[in-house]
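A.B. asks: First, the structure itself, so that you have it in front of you.
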Amino acid sequence: MATTRTVTRLFLLVAFTGTTFAKPAADRDDESYDVDHSGQLWQTRARRAHAQSRTVPTDQERTPDYWTNMARASIDEALRLQTLNTNVAKNVVLFLGDGMGVSTVTTARILKGQKAGNPGEETVLAMDSLPYTAMSKTYNIDAQVPDSAGTATAFLCGVKAEAGVIGVDGRTRYGNCSSSKGHEAESIIVHAERAGKSTGIVTTARVTHATPAAAYAHSAARGWEADSDLTAEARENNCTDIAYQLVEEAPDIEVILGGGSRMFKPRSWADPETGGSGDRNDGVDLVQRWQDRKTGRSRYVWNGTDFRDVDPESTDYLLGLFERSHMKYTADRTDDPAEEPTIADMTRKAIEILRKNDNGFFLLVEGGRIDHGHHASKAVKALEDTVAFDDAVQVAKDMLDTSDSLVVVTADHSHTLTFAGYPDRGHPIFGMIALHIWYVYTPYLVWLHSIFGMVTNKQTFLFPTADKEYEQQSAAPLRSETHGGEDVIIMADGPMAHLFHGVQEQHYIAHVMMYAACLGEYTEHC
């Protein structure tokens, strides 16, 4: 087997070298420089002519008026948007799709449409309807392709930093506790609490994971989630773990919903669902400490039944930890009445509690498992979680008035997800394509059999590609698929949403949100 793999890789390398480097470069003015796709397209059209179940364009789509009227409506909307909303943002909601690059948004759009019985390409996501857009440059100060800790520090704290650090500035070195002292960066949640607003965090990952942690913690290493994770150097220099900071040192965050109960529980604790233990060596039950510290009406819940019983009107503080680690993928959910809440459910409950504050609120909502699905090369799980994330965006749009509420949707980084191969309109987004085409993707030669090309090569092509456990093919099999380094989109509506424009550094997001809500240093215009 090892010999076969070696021979295969040598063949691919030789094929790539021969096709890429052996031929002299054609002059750009020479006709031979352009690749002739005519034969390829002829094959595609011939295959389409014999297809028995392909999507047929509607009669409307075949007429010029259909497209003209659509464009006119978009122009009218663009003209309407010339009247800018310069109100102060009473409420700010930041939706963060972890790993939700542009290709993820596009394929999730198609999936959402196909789940509704449509071809899919024409679908409009809830986030698509946010009218103001920009692009975000995601690199960390020491990494061309970023990690989620450094990016979260940028869009929540307003400064770029090294990869792997949480809530600190660029003078902090990853993994070095002493270098973080005095270099803490305050997040928008801190500024919102100081201004008398309520705050909340919703995530499908652990609440101590990279993105949510940057909202309240300061750490030289994203992995220091429990005290058992701290290094000797961190303990010697009195650095505390992220879970401890959330309970003992963080702002008084009213709503915290997600996973990761083991980071808050001692080794002696047994999870009521799995029997697994906690991760804390200090013997402290931080969940109990959280409850003891609350002077208002507080609730702790760990399952869907108790969560759905929470009355927002009689609850001032809500902590929900629904798994020992991350919450379930959407694709793994069951119909059990006790099933943990969806990201849309958590968003709704959070807004219901937070909006009781007349001063308004800030809410962070993270679709954390989009990223994990991509890392596992399981496109079904990644995209189903993206669709669920979009459902949460719709909840906020339905519950809030954009005259005084700023809604922002973005991603921390992208992934290597791609889809290609000239599939027909309406082709199942997880389906195989009949036409096999060789593509050169430096430095490997990639044979794309399915719409997605990602990481591993464990299954044969007979395995159902729409199965949630199917791992998409890739040129370079790795233990875990990597992040992508391209820019990601920002979509927004509400007060000052027009400030999102062009191509911006990622830390700009935090500054726009604070400017819109008159927080921190941005109070002179209020």
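Each residue, glycine too, has its Cβ placed from N, Cα and C.
What TrEMBL lists as signal peptide is 1-22. The Mg(2+) binding site annotation in TrEMBL covers D98, H209, T211, E366. Residues or ranges marked as Zn(2+) binding site in TrEMBL: D98, D371, H375, D412, H413, H483. Annotation comment: TrEMBL describes S148 as active site, phosphoserine intermediate.
For each listed feature, how buried is it and what is near it?
C.D. replies: For T211 (Mg(2+) binding site), other Cβ atoms within 10 Å of its Cβ number 27.
The Cβ of D371 (Zn(2+) binding site) has 29 neighbouring Cβ atoms from other residues within 10 Å, across all protein chains displayed.
Its Cβ taken as reference, S148 (active site, phosphoserine intermediate) is surrounded by 28 other Cβ atoms within 10 Å in the chains shown.
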A.B. asks: Anything within 10 Å of D371 (Zn(2+) binding site)? Look among the binding-site residues D98, H209, T211, comparing CA atoms, and list what you find.
C.D. replies: D98
A.B. asks: Once the chains shown are all counted, how many other Cβ atoms turn up within 10 Å of the Cβ of D412 (Zn(2+) binding site)?
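C.D. replies: Taking every protein chain into account, the count is 30.
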A.B. asks: Which chain neighbours of the Zn(2+) site, leaving out D98, D371, H375, D412, H413, H483, have a Cβ atom within 8 Å of the mean position of the site's Cβ atoms?
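C.D. replies: Along the chain, the qualifying residues are G99, D147, S148, I370, H374, A411, S414, H415.
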A.B. asks: Near H413 (Zn(2+) binding site), which residues of its own chain have a C-beta under 8 A away, given they sit six or more steps off in sequence?
C.D. replies: G99, G101, T138, V145, P146, D147, S148, T151, H483, G484, G485, V488
A.B. asks: Round to the nearest Å and give the CA-to-CA distance linking H209 (Mg(2+) binding site) with D412 (Zn(2+) binding site).
C.D. replies: 13
A.B. asks: Can you figure out which of D98, T211, E366 (the binding-site residues) comes closest in space to H375 (Zn(2+) binding site), comparing Cα atoms?
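C.D. replies: The smallest Cα gap between H375 (Zn(2+) binding site) and any of the binding-site residues is with D98.
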A.B. asks: Find, for the listed binding-site residues H209, H375, H483, the residue with the lowest Cβ contact count at a 10 Å cut-off, counting only other Cβ atoms.
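C.D. replies: Per-residue Cβ counts within 10 Å for the binding-site residues H209, H375, H483 bottom out at H375.
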A.B. asks: Just to be sure I understand the packing, how many Cβ atoms besides its own are within 10 Å of the Cβ of D98 (Mg(2+) binding site)?
C.D. replies: 28
